[in-house]
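Asker: Dropping a structure here in structure tokens format, bear with me for questions.
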Amino acid sequence: MLLIGLTSLLIAIPLYSSSITPTLLTRITTIILLFGAALSFNGLYVQAIGSGLGLYSGLFHVTTVTQFMEVFLYTTGAIILLPWQKDNGRSIAEYPLIILFTTIGASFLISSADLVSMYLSIELQSFAVYILAAIYRNSESATSAGLKYFLLGALSSALILLGSSIIYSYTGLTSFESIYTIANAASSDSVTQGVVLGMLMIGVGFLFKVAAAPFHNWAPDVYDGVPTIVTTWLTVMPKISIFIFLLGLDFQGSAIGFSDQSSETINLWKNLLLTTSLLSLVVGTVVGLAQYRIKRLLAFSTISHVGFMLLALSVSSEESITSFLFYLMQYSITNLNAFFVLLAFGYRTGASISFISQLKGQFLANPILGLSFALCLFSMAGIPPLVGFFAKYRVLYSAMENGYYFLSLVGIIASVISAAYYLRVIRVIHFDVDHNIEAKENTVSLTSTHSYVIAVLTLFVLFFILSQSLLLNSSNLLALSLFTA
């Protein structure tokens, strides 16, 4: 369905006229994504096929987890498209086409079970995101951020390609299942060590793309330089696909150990995830305290959240994978809402919000938006009874249950410290007064769709404790499907 929609947009965009506007193309793309989500939801029957279903000679492996996350991916993509139509009059016809390219690449990556499909999928996703980052050609900051993202993204892609070539040179295979089988059956340790080295290179490349420390240096500059609506996409969509792919790697290769006799190789992969988790928690928390630009602060906040997700992923127990999936979904929803409110602040003042000081008096100008943003920040900080608290609690509980006491302690301390910069932003919004707020406010108002989306996402963050069954049960069932396959 997405490919049909992509072809339709490729035909429609050159026919751009007064009747075919960027707003119309955006709405068409939203409908395409929602229809794709419905089709993927109908495909959840694969849970009855045991460990899943191989497609196209093993290039892709469809499971209950991949199908469910495709539904989540398409739905999230459709939601992100909603506020684009009023971006200060700077609508670009190619925007929905680029979004569709990115979504298709992310969808392919989630189900990839081969080195070839993995690399082509991540490149399809990445190249579209590079273009998206530099889509405002007249903005010096956006062009600079797009160039930096492209150059450093190319470096991470080179690491992934290098790891793939190392694996192929040792095994002569590209299918992950075949690679694991060969590594298990190999009489020589050199084959296993070569495969593990290749997997570590691939892992580093993907950790680079999700901005995990110490591979995070590009993220604050890129997130701050591009328009807010693009930042919204960058902080959510690539991470969903890459984390689910890493989850698949983790389980298909038994934590990249391949056999019980190679516990050292198991530790290599696990130590990579644990180290990046620790560094992400520390860097995202400590460096975030010094930020005075709102999107740079949210970038370091994202790095801290990546640390929590990597901690849950590295533990590899049923409880930790449940907490990983739950954390990934609630983070995506909360982060989306925070950026949607930030967009709304910019629309109301007629200027993009770059500095924390620009948020002064926003609560007085619009109490509902100010309260929504505060709830999102409280949730990110892990304040009960909001959804972010339950996500962090489950991650830390699963880590402590499996003996990772030091990392759990670091996670607790990081949550406490990060609350300081979240509370600083909340103080500026609610208690600092901007005497010129009314003069700056213009006639631009939010669309009803934008307002409804903010309302629904805010209610999810606020009232999750009253209805926990959908997200928690989904996470539990998805994790259970991995361990019982």
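Glycine too: its Cβ is placed from the backbone N, Cα and C atoms.
Caution: TrEMBL annotation is automatic and unverified by curators.
When I checked TrEMBL for this same protein, it listed these features:
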type: DOMAIN; residues: 112-418; note: domain 'NADH:quinone oxidoreductase/Mrp antiporter transmembrane'
type: TRANSMEM; residues: 27-46; note: transmembrane segment
type: TRANSMEM; residues: 92-110; note: transmembrane segment
type: TRANSMEM; residues: 116-137; note: transmembrane segment
type: TRANSMEM; residues: 149-171; note: transmembrane segment
type: TRANSMEM; residues: 191-213; note: transmembrane segment
type: TRANSMEM; residues: 225-248; note: transmembrane segment
type: TRANSMEM; residues: 268-290; note: transmembrane segment
type: TRANSMEM; residues: 297-316; note: transmembrane segment
type: TRANSMEM; residues: 328-347; note: transmembrane segment
type: TRANSMEM; residues: 368-391; note: transmembrane segment
type: TRANSMEM; residues: 403-423; note: transmembrane segment
type: TRANSMEM; residues: 452-472; note: transmembrane segment
Asker: Could you check if the transmembrane segment (268-290) is in contact with the transmembrane segment (403-423), meaning 3+ Cβ pairs under 8 Å among residue pairs at least 6 apart in sequence?
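Answerer: Stretch pair touches.
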Asker: Rank 27-46, 191-213, 297-316, 328-347, 403-423 by Cβ pairs under 8 Å to the transmembrane segment (452-472) and hand me the top one.
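Answerer: When the Cβ pairs under 8 Å are tallied, 328-347 comes out ahead.
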Asker: Do any residues, 6 or more residues outside the transmembrane segment (368-391), come within under 8 Å Cβ-to-Cβ of it, and if so which ones?
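Answerer: Non-local partners: 301, 305, 308, 323, 326-327, 330-331, 333-335, 337-338, 341-342, 344-345, 348, 362, 415, 418-419, 422-423, 425-426, 429-430, 454-455, 458, 460-462, 464-465, 468, 471.
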Asker: With the transmembrane segment (92-110) as the reference, which stretch in 191-213, 225-248, 328-347 has the largest tally of C-beta pairs below 8 Å?
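Answerer: Looking only at 191-213, 225-248, 328-347, the most contacts with the transmembrane segment (92-110) come from 225-248.
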Asker: Cβ pairs under 8 Å only, please: of the recorded stretches 27-46, 149-171, 191-213, 225-248, 297-316, which one is richest in them relative to the transmembrane segment (328-347)?
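Answerer: The stretch with the most close Cβ contacts to the transmembrane segment (328-347) is 225-248.
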